[in-house]
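Sharing a structure here in structure tokens format.
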Ligand SMILES: CC(=O)SCCNC(=O)CCNC(=O)[C@H](O)C(C)(C)COP(=O)(O)OP(=O)(O)OC[C@H]1O[C@@H](n2cnc3c(N)ncnc32)[C@H](O)[C@@H]1OP(=O)(O)O
């Protein structure tokens, strides 16, 4: 426990329970489900909260066997991503407990459907999602995602998942009835429903959503020339804010990290998931 900072950051299988802060965070965080965009995080000006979020995010990295966390407050402040945090104040114990979070951001993705038809659009991406192990399977994750979707004005099938774990795919199947993941070569996963809704609506493929323009040069993805469609449900965002996929990849670049970086993890996880019998 770091007494000077007023929080008890447990690691691994400690008995402390969810990430605990020996302080009442209600005046700082407000409600127990909270949307923290970069501006809000900057305005918090609370090292205790920053440290607590960073510790919780380390738990996520440990779970995914990553050498360094994908989420830190410092990185968030410098990004276009938003953190949805679940926490609670325990009056009896006088501690605030950080239970879990989802980090989302909008990215411009090129996607294949199951028939290898390509699509292009800005998609709401689930980039990091974690509930402390002591609070898992109690509805916290579902509450975070519901709150996030409501705030982002999105439906579950409109989400792209960044390198999802088997648990996350099971969660999406069980809680949102999304059972047909379509793996992309970028290691994002979208769901078949995304393309079905597009097809059912019979939209004119030549008409991009508002705020979009077609690529200036024809794109070639993989080996074949592609006929790119616009995703009807692409969410318009802020192209000027650098949501493009050319943004730096958060991966451990050291030689030791090479084997455990996210891309490597994703490849092995994807191979494992695709070669396994479905778990749900
Ligand atoms: C894009 C990415 O971030 S990929 C990484 C996703 N994160 C992880 O895999 C980290 C480890 N897992 C977790 O942190 C959590 O289990 C989460 C975030 C996936 C879900 O949060 P929870 O609070 O447990 O979710 P919630 O209680 O709302 O729903 C539980 C459902 O999730 C799935 N689930 C959660 N834990 C498990 C588990 N250990 N084994 C199998 N399924 C599980 C099941 O579908 C479960 O439904 P059930 O309990 O009715 O069987």
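Cβ from N, Cα, C; glycine included.
According to TrEMBL, the domain 'N-acetyltransferase' annotation covers 19-195. What TrEMBL records for 129, 130, 131, 132, 133, 134, 135, 136, 137, 138, 139, 140, 141, 142 is acetyl-CoA binding site. The region 'Disordered' annotation in TrEMBL covers 206-225, 235-280. The compositional bias 'Polar residues' feature in TrEMBL is assigned to 253-263.
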According to DSSP, which kind of secondary structure is residue 129 (acetyl-CoA binding site) found in, if we only use helix, strand and coil?
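Residue 129 (acetyl-CoA binding site) sits in a strand per DSSP.
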State the three-class DSSP label for residue 137 (acetyl-CoA binding site), counting H, G and I as helix, E and B as strand, and everything else as coil.
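Looking at the DSSP assignment, residue 137 (acetyl-CoA binding site) belongs to neither helix nor strand, so coil.
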I'd like to know which of the binding-site residues listed (129, 131, 133) lie near ligand 1, counting only a CB under 6 Å away.
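Only 129, 131 qualify.
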Over the domain 'N-acetyltransferase' (19-195), work out the mean pLDDT and round it to an integer.
95
In this structure, which of the binding-site residues 131, 135 has the fewest other Cβ atoms within 10 Å of its Cβ?
135
Are there residues of the same chain, six or more positions away from residue 129 (acetyl-CoA binding site), whose CB falls under 8 angstroms from its CB, and which are they?
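Correct list: 60, 100, 101, 102, 103, 141, 144, 145, 168.
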Using Cβ-Cβ distances, find the residues under 8 Å from residue 139 (acetyl-CoA binding site) that belong to the same chain and are at least 6 apart in sequence, listing them in sequence order.
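Listed in sequence order, there are none.
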Give the residue from the binding-site residues 133, 137, 141 that has the most other Cβ atoms within 10 Å of its Cβ, counting over every protein chain displayed.
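Compared across 133, 137, 141, the most Cβ atoms within 10 Å surround 141.
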Could you measure the widest C-alpha to C-alpha distance across 129, 130, 131, 132, 133, 134, 135, 136, 137, 138, 139, 140, 141, 142, the residues recorded as binding acetyl-CoA, and give it to a whole number of angstrom?
15
